[in-house]
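One structure is given here, and the rest of the page talks about it.
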Amino acid sequence: MSAIVDIVGREVLDSRGNPTVECDVLLESGVMGRAAVPSGASTGSREAIEMRDGDPRRYQGKGVLKAVEHVNTEISEAVLGLDASEQAFLDKTLIDLDGTENKSRLGANAMLAVSMAVARAAAEESGLPLYRYLGGMGSVQLPVPMMNVINGGAHANNSLDLQEFMIIPVGAPNFREALRWGAEVFHALKKIIHDLGMSTAVGDEGGFAPSVENHEAAIRLILQAITAAGYSAGEQIALGLDCAASEFYQDGLYVLHGEGGLKLSAPQWIDMLAAWVDKYPIISIEDGMHEGDQDGWKQLSERLRDKVQLVGDDLFVTNTRLLQQGIDQRIANSILIKINQIGTLTETFAAIEMAKRAGYTAVISHRSGETEDCTIADIAVGTNAGQIKTGSLSRSDRIAKYNQLLRIEEDLGEVAQYPGRAAFRHLR
């Protein structure tokens, strides 16, 4: 038995300088597991609740001392003595202790920090790397990275409404080469932006935030960078978009400030997305519609679900109940997985498994506020998810995940697999 003998929660800072929760879990053997939770900038209204102090005298109200106190008192008392290798039982204990549907009493950030730290301690105790502990011997697939190279929306201070413009190295032979391809395109893009006299400062997730005339201009910059780096757009490196459409949905219309204040109905906005898919090598669109625009989602899915990957983030918030509703209604064909949207590892794995059974893809994702914690890299391999979103090719909080995936690929050796285009099951 890997008994938990001590838990220590603390307030640390994330990549945006905002407080977050870190947790250490000590086992009877002396082994310790540590984890820190991420935080989002654009959040779905149905996400599990991240507990903040609300005290304007500390961190502009964003402190997490209440969540830390919950870790060090009530949660600690409930889990001390439990077997760290019984992850599902431990997570159920946390869920029952909180007693709310959205984890608002204890805070999803407090609960997730403990859930992750326990898994890390148990993996260390077993002598296994975390990905192997989580997934077993069948965990051999590295994820295709979706690299956010141009930022807009809530992640940048420019006129772009769409939140992320991503490159996806679908033609790479392995993860190491995929990472190299992405880095080379990133640097080519930086030179192009610099030569145009625009700022090469990066946003929260490490991508550039140039002030361009419209969204297609941003896409064309990326295509130019792919060519300049010596790669073929579409065949070797495809494109992905995170629209984060809930952020620019106003009074039933999609209001695009980056298109001169254009106000579009759902069908008109879908027409624009479909035109981009026909014109450019776009293979993935995330949150193409407002999270509550069910009719819009149905129309988008009917129009494009057999052509591109349609990812639900705010739509599903890593929640199996919401995902099942989407599956039943044939809305989207993919789910974004963010561990802090739901608050425990067990619930995270349940969402991934449900997606797979329904023929949906699962994309493991970071948040805009990250730490050096690399758990999502191990989850991506441990679950054979096939895809990961963890930012651009800059900022150590993003690179940490890529470097961990390099180590995992090296550890797997000849059995390591890189799915490339096959990870995107819905391409025409």
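Using N, Cα and C of the backbone, Cβ positions are placed for all residues, glycine too.
The (2R)-2-phosphoglycerate site in Swiss-Prot is built from LYS338, ARG367, SER368, LYS389 plus one of GLN60, GLN87, GLN141, GLN163, namely GLN163. What Swiss-Prot records for the Mg(2+) site is ASP242, GLU286, and among ASP271, ASP295, ASP306, ASP313 the residue it adds there is ASP313. Per-site Cβ counts within 10 Å over the binding-site residues GLN163, SER368 peak at GLN163.
If you take the Cα of ASP313 (Mg(2+) binding site) and the Cα of SER368 ((2R)-2-phosphoglycerate binding site), they are about 14 angstrom apart, rounded to a whole number.
For the (2R)-2-phosphoglycerate site listed in the record, the two most distant Cα atoms among GLN163, LYS338, ARG367, SER368, LYS389 lie 16 Å apart. LYS338 (active site, proton acceptor) has a Cβ environment of 26 other Cβ atoms inside 10 Å.
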